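Chemist: Handing you this structure, nothing more for now.
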């Protein structure tokens, strides 16, 4: 009987302590490569020309990717991955951001029709020239380069970043087809207990 009371007491302590323990998940629970660093402070513009930084989405988990419309592989696959996450997550707090990498060819209106029009939680960000975008990409440790002249391609890593509500990069995904079911689990893993939606 005494042992049973001890177990009950321990269970009650655990229940009441949980709200104060913070995030119960560890980096090993994430399906992307676990990171924990602040989001770079970068100045861009949205498709309407309004100045924007990633601080606009503070308080929201954000999936962020770099891409360009002429990309023949990873960019389009990843954009569809983000759309799949939006459709299947059941979470209204998620946001999806596309940083346009090819300002010389991709007009903001074209990119908006491609990405922003997927839903009100989708936003593309733009810079005036490739040098500015390269500076932004370097801040994310994702340098890229223009391959050739004329009908050029852009060599880039093809990362998707998961940013938490406190503006820290928490996970990195690579490849053309990251697993949507696994990526769907990670926003809950980076939210403090009580903040999951």
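Cβ coordinates come from backbone N, Cα and C, glycine included.
Automated prediction, rather than curation, is the source of TrEMBL annotations.
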Chemist: According to TrEMBL, 71, 75 bind Cu cation; so which of 156, 189 is the extra one listed there?
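Modeler: The candidate from 156, 189 that TrEMBL ties to Cu cation along with 71, 75 is 156.
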Chemist: Quick one: of 71, 75, which of the binding-site residues has the smallest count of other CB atoms within 10 A?
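Modeler: The binding-site residues 71, 75 were compared, and 71 has the fewest Cβ atoms within 10 Å.
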Chemist: List the residues in the vicinity of the Cu cation site, defined as same-chain residues other than 71, 75, 156 with C-beta within 8 angstroms of the site's C-beta centre.
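Modeler: Going along the sequence, the neighbours come out as 66, 67, 68, 73, 74, 101, 154, 158.
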Chemist: With every protein chain in view, what's the tally of Cβ atoms within 10 Å of the Cβ of residue 156 (Cu cation binding site), excluding that atom itself?
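Modeler: Around the Cβ of residue 156 (Cu cation binding site), 19 other Cβ atoms lie within 10 Å.
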Chemist: I'm checking region-level scores; what's the whole-number mean pLDDT for the domain 'Thioredoxin' (33-174)?
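Modeler: The predicted confidence over the domain 'Thioredoxin' (33-174), as a mean pLDDT, is 93.
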